[in-house]
Amino acid sequence: MAEFQRPTLCCCRKALTVPSKSCEGGRNLAQCRLVDIASASNFHSFKLRHFHLDLRLNFAVKEMTGWQVLELVPIQPGAHTLVLDSHPSLLIHSIDCKVPGTTAAQDITLSLTYRVDPFTDYGSSLNISLPASVTRPHRAFQITVRYTTTDGPAIWWLDAELTCGQTRPLVFTQGHSVCNRSFFPCFDTPAVKSTYSATVRVPEGVTVLMSASRSAYSKQERVFQFSMEYPVPAYLVALVAGDLQHADIGPRSRVWAEPCILACAVSKLGGSVERWLNVAEDLFGPYVWGRYDIVFLPPSFPIVAMENPCLTFIISSILESREFLLIDVIHEIAHGWFGNAVTNATWEEMWLSEGLATYAQRRITTEAYGEAFTCLETVFRLDALHRQMRLLGDNNPVSKLQVKFEPGINPSSLMNLFTYEKGFCFVSYLSQLCGDVKSFDSFLRAYIEQFKFTSVVAQDLLDFFLGFFPELKESCVAQREGLEFERWLNDCGPPLCEPDLSAGGVLTGPVQSLCDLWACDPQDPEAIANFNLSSWSTFQTVLFLDRLLDRSPLSNQVMGQLSRCYSAQLDEMNAEVQIRWLQIVVRNSFYPDLPRVRGFLHKHVSVDWTRELDCYWAAHVLMRGSYVTMLLAVANVANFFPFYNCFWIYLQRYYYTIQLY
């Protein structure tokens, strides 16, 4: 998943209880008493076999109404209360239980008592009293919860004018990390996986998609049926409904989008997805989810992409940049193995998903596009990591791979570059220990096969690694001075070491040379003119602009020369490039180019809302202060006018790539 949200700083707490070696592969996490302080549920006491959703979508009042059936098995004696994660926005109407009858008697349905208690600002606890007749250990029973969703954080209702086509409304859900408790009551922890099914009833003309392996549609009844036959955690259950059409782009892939952008999406992806899937399967083993479909969502989608099984959600604005689209889709494909098939059992170890997926993504791009391309992408990501490190400081606890957070802290707020890039560096270090990247590929295939459809902790990965390479265990690599596994996981600061990226020099070298020329005083216009940005890749251009930003503040004279050389050219490039130039403009208070900020906003919002741009110019007065003030000004406008979310999203995405002074 590619995340936008700004991390919230937090304090450390005592270490989590982790599974012992007897709890092999995280397969028996209930008995291991894994602690997940982000969940109010008593998931240790019950096994969730399956759940079914039956929902009716009402776009007029922006509600989903229906029921959920949970099939549960008690696994702890004396468990007479079922506690599920919920949310104040979920209106519970009733709860009943089907009590198994005797051989001669039919099942009996009982109405159950329940209460909703506060938990955190991102959820509540639903406490359901169970009759003794259903709490017999290892005997399945069913609970039915009838409820209505309102304005919870998981469900995004978009009026027609907020969609790409501006013809019909659209709704989508986003469950990561702990939002789906406002979609349906659940064990909202990555430690719990189950299969699920759904029935969704919609108005005429609405197409529904879910992160499911099978689907069916009854046109006469306007009912969509879905089934996910493989166990998934609650956060990976996703739904989107609106004016969506599709086109096949491979034997197991299709693109879904609003009609106005479908052709563009197909042309950008072509037959590439099947190629990437084949490369990934060669590296990591079979793709276990069957289909790999992609749905492009309006710019209001709150993150870049989300790895929902069988159906990746991705923001439509990414279509502007082929290279970023390529990287983001390949990253979500990698999650099919790392994050979806094998999942981090606690949000405090998100690197087990994102760090491994980032490593897998770069193995795929190396095989598909060469080592130089992968090194270039890695260089500018690691540049951003060090930029974030300078901002946060070397001792900030969010820079740990095993992040500890206090009760009440939303796990989503802890998503940052360390989760991805420091995690990637640790996985790369493990690969280097093997001495052969192909051997590490074999290890990753075996890791997936061993832990498939389960949730794990870091110790599971590391124990399996040392067991797979006994010679490394015998040489005590886990305790190698300065590079101890424990330090990788629990030390603050940058990665203990980084991979060799010299193979990317053919692409990064010209970028650094041009940066150095602009650092000279005076500049050499002839030497600078020898570099043609239009011949560079997007990644080269953004690396150049990022490094210029690192050199800020720049003199007004240098900014004037940069503007004369590049601003018109950059206006013709994609938003990933433009937003970086705008950061440089604002960071250096270069007023002649500030109108380009308005131009960027105008390009990325509906023309029907240009009247509201005057509000941006009111906020522009605040830009004469610090860059932080500017961000807050734009954020304030974005809160009132949803179309500004596009610009605000871009700003949030690069928040930690900026030096704030």
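Cβ from N, Cα, C; glycine included.
Predicted automatically and left uncurated, TrEMBL annotations should be read as such.
The model shown is predicted, which means the values in this text are computed figures rather than measured ones.
Straight from TrEMBL, the features:
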type	residues	note
BINDING	HIS331, HIS335, GLU354	Zn(2+) binding site
ACT_SITE	GLU332	active site, proton acceptor
ACT_SITE	TYR420	active site, proton donor
DOMAIN	506-635	domain 'Peptidase M1 leukotriene A4 hydrolase/aminopeptidase C-terminal'
TRANSMEM	627-651	transmembrane segment
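Structure with TrEMBL features highlighted.
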residue: GLU332; record: active site, proton acceptor; contacts (Cβ under 8 Å, 6+ apart): MET1, ALA305, MET306, GLU307, THR312, ILE314
residue: HIS335; record: Zn(2+) binding site; contacts (Cβ under 8 Å, 6+ apart): MET1, GLU307, SER353, ALA357
residue: GLU354; record: Zn(2+) binding site; contacts (Cβ under 8 Å, 6+ apart): MET1, GLY339, THR419, TYR420, GLY423
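TYR420 (active site, proton donor) is surrounded by 26 other CB atoms, counting those within 10 A of its CB over all protein chains shown. Mean pLDDT for the domain 'Peptidase M1 leukotriene A4 hydrolase/aminopeptidase C-terminal' (506-635) in this predicted model: 79.
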